[in-house]
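S.K.: Below you will find the structure I want to go over with you.
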Amino acid sequence: MGILETIKDPLDLKNVAAGDLPGLAAEIRDLLVSTVARTGGHLGPNLGVVELTIAMHRVFDSPRDRLLFDTGHQAYVHKLLTGRAGDFATLRQEGGLSGYPSRAESEHDVIENSHASTALSYADGLAKAFALRGETDRTAVAVIGDGALTGGMAWEALNNIAGRKDLPLIIIVNDNGRSYSPTIGGLASHLSTLRMTQRYEQALELVKDNLGRVPVIGPPLYETLHGVKKGLKDIFAPQVMFEDLGLKYVGPIDGHDEPAVEAALRRAKAYRGPVIVHVITHKGHGYAHAENHDEDCFHSPQPFDIVTGEERARPHSWTNVFSEEMVKIGAQREDVVAITAAMLHPTGLAAFAEAYPSRIYDVGIAEQHALTSAAGLALGGLHPVVAVYATFLNRAFDQLLMDVALHRLPVTVVLDRAGVTGDDGPSHNGMWDLSILQLIPGLSLAVPRDAVRLRELLAESVAIEDGPSVVRFPKGALPREIEAVGRLGEMDLLRAGDPDVLLVAVGPMAEICMDAAALLDAQGISATVVDPRWVKPLDEALVLAASAHKLVAVVEDGGRVGGVGDAVARMLRDADVDVPVRTFGIPQRFLDHAKRQKILTDIGLTGQDLARQITEAVARRSPVLERHPARQTQ
Ligand SMILES: Cc1ncc(C[n+]2csc(CCOP(=O)(O)OP(=O)(O)O)c2C)c(N)n1
Ligand SMILES: CC(=O)[C@@H](O)[C@H](O)COP(=O)(O)O
Ligand SMILES: [Mg+2]
């Protein structure tokens, strides 16, 4: 029996002999690699925190102490140590373990995240709550990566935490020098100076030796540690930064030396005030294919071959088309620059960066800054293209509204992973943008239905110079191309029908709308299909088209509340066109993780389901169909 099998609860881990911990770490790594090779997932980040997570659970008493993982993508080891090793094979599968902390899964999971840079704020609040309730024995512990530490919220939290010297709150900076790519910016340079210096090994030894000697209680202990640190301070300037913020600093600690991490955490815990423990780890540690993976150390690989490290081929995707197109646009337009929030490769901007290295800005995990910095670039005479995942744009709503749109600035935002993404669960689905973007005055919003339209609409978007434009597309493989049979204003007519139903197909929903139309035809219901291409502003031609039909059905891969369907209904109301409008989209709830296609099927976004629902709707409204109910069941 392996050691991991004996750990049903963190308490069991505390009883494992120190000499057995390297064996446990090796077991965990094997399980991480063999599982993620099959399921895909966040391998590199988790391989890097094996010893750190073991040490955390040996030192703290979860769930009485609260262990928080920023972003949450590196919580697999935590899951394994909190009674979920037996279920680990179900990772990221429908009904199985989530790829992030999940409150439904375990009392040891406190927050459900995946959006970076929030954990310190949660920890701040928890520590304040413990204090106010007199629960003085409890400690809030947050692990945050060097990447997540580039996010503005983390610094807002640090500022507050530094203001409350009485709160027992431990911030573990898991510094592996990388987000996906190497982490950028002044903070990253500070940290990397510390890591890269030739005297780093010497420093680790010095800290380790001194940690071994100091007593394990209270502030006097910290003063001893402080003395150690002051000694280091002479050698390394960068750590002064945290001290200058007023936060106690312990480190740097070799994050793969479990006893050293444990010792540092015990001392930090004993201090009973806010402490930063700076831990140096290697992303992908212990699996050579991850460690040597230049692009992102297997940050989140597809399923892969364990021996060769070769990932399952990714299909030609929307991201690839955007990537190619950006290089072309860059050649034609010297004023076009691009911004990524620490996701150069996943957003497809790497090719642009290679072609035009002076025109790419990686701003770190800082979507708010990305948008307002884009506004500045636009004020300076450039046309920025900001590429982010749709769900992360939520962060920067106010910046897009007030800093870009109010100033009518030419900024193009490109939203990848729009609509249902699936495997990453509720926080990753890009189901908010179609609703929140409808609120922004002067913003133009394009939704391409296929690769041809993505090229077309991206070109049209960067040509807009009097306000922001957005292009959004989903995760994964490109759909089949659907050619227009005509044009209605700016809209593409995909299928001409008689005046029964007008299907408004929002971008990639065109495919299922065409399927539905064919099925409806077989039921004797004629459907016209239009793709508006621009869902904001909506084309006036839609009013005329709608008034010529008995029912309008809008189909979108966004939340139903406030989305395109609602915009169409409002437009028709305002024009006094009295045609019923049905909206089909993502129900306004948090969707559990599952495969994207499975979720789309479950929520009725398939040709067959649409046809069924529209048939029912028509039947409810049409006297003809009511008189001939048999037609409904054909
Ligand atoms: C707000 C937000 N923007 C972007 C991302 C995408 N993202 C996920 S993990 C990651 C890098 C995280 O780096 P770090 O915090 O250093 O953790 P590591 O993976 O290196 O352990 C990024 C950019 C995100 N999760 N949240
Ligand atoms: C944690 C995070 O935000 C990313 O790592 C994300 O999970 C990647 O998603 P994709 O696999 O769709 O690029
Ligand atoms: Mg990192």
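Yeah, the Cβs are placed from backbone N, Cα and C, and that goes for glycine too.
Note that TrEMBL annotation is computational and uncurated.
Straight from TrEMBL, here's the annotation block:
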type: BINDING; residues: H73, S114, H115, A116, G147, A148, N176, Y287, E367; note: thiamine diphosphate binding site
type: BINDING; residues: D146, N176; note: Mg(2+) binding site
type: DOMAIN; residues: 316-481; note: domain 'Transketolase-like pyrimidine-binding'
S.K.: With a 10 Å radius around each C-beta, find which of these binding-site residues (H73, H115, G147, E367) has the fewest other C-beta atoms nearby.
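M.R.: Lowest Cβ count within 10 Å among the binding-site residues (H73, H115, G147, E367) is H115.
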S.K.: Looking only at Cβ atoms, how many others are within 10 Å of the one on D146 (Mg(2+) binding site)?
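M.R.: Around D146 (Mg(2+) binding site), other Cβ atoms within 10 Å: 26.
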S.K.: Please list the binding-site residues from H73, H115, D146, E367 whose Cβ falls under 6 Å of any atom in ligand 3.
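M.R.: Correct list: D146.
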S.K.: Given the thiamine diphosphate binding site residues H73, S114, H115, A116, G147, A148, N176, Y287, E367 in the record, what is the largest Cα to Cα distance, rounded to whole Å?
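M.R.: Taking every pair of listed residues, the largest Cα separation comes to 32 Å.
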S.K.: Can you give me the same-chain residues 6 or more apart in sequence from N176 (thiamine diphosphate binding site) with a CB-CB distance under 8 Å?
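M.R.: For N176 (thiamine diphosphate binding site), the qualifying residues are G48, G145, D146, I280, T281, H282, K283, C297.
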S.K.: What binding-site residues in H73, H115, D146, G147, N176, E367 place CB under 6 Å from ligand 2?
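M.R.: By the Cβ criterion, which requires under 6 Å to ligand 2, the hits are H73.
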S.K.: What is the average pLDDT across the domain 'Transketolase-like pyrimidine-binding' (316-481)?
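M.R.: The answer is 97, the mean pLDDT of the model over that range.
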S.K.: What kind of secondary structure is E367 (thiamine diphosphate binding site) part of, going by DSSP in three states?
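M.R.: Going by the DSSP assignment, E367 (thiamine diphosphate binding site) falls within a helical segment, counted as helix.
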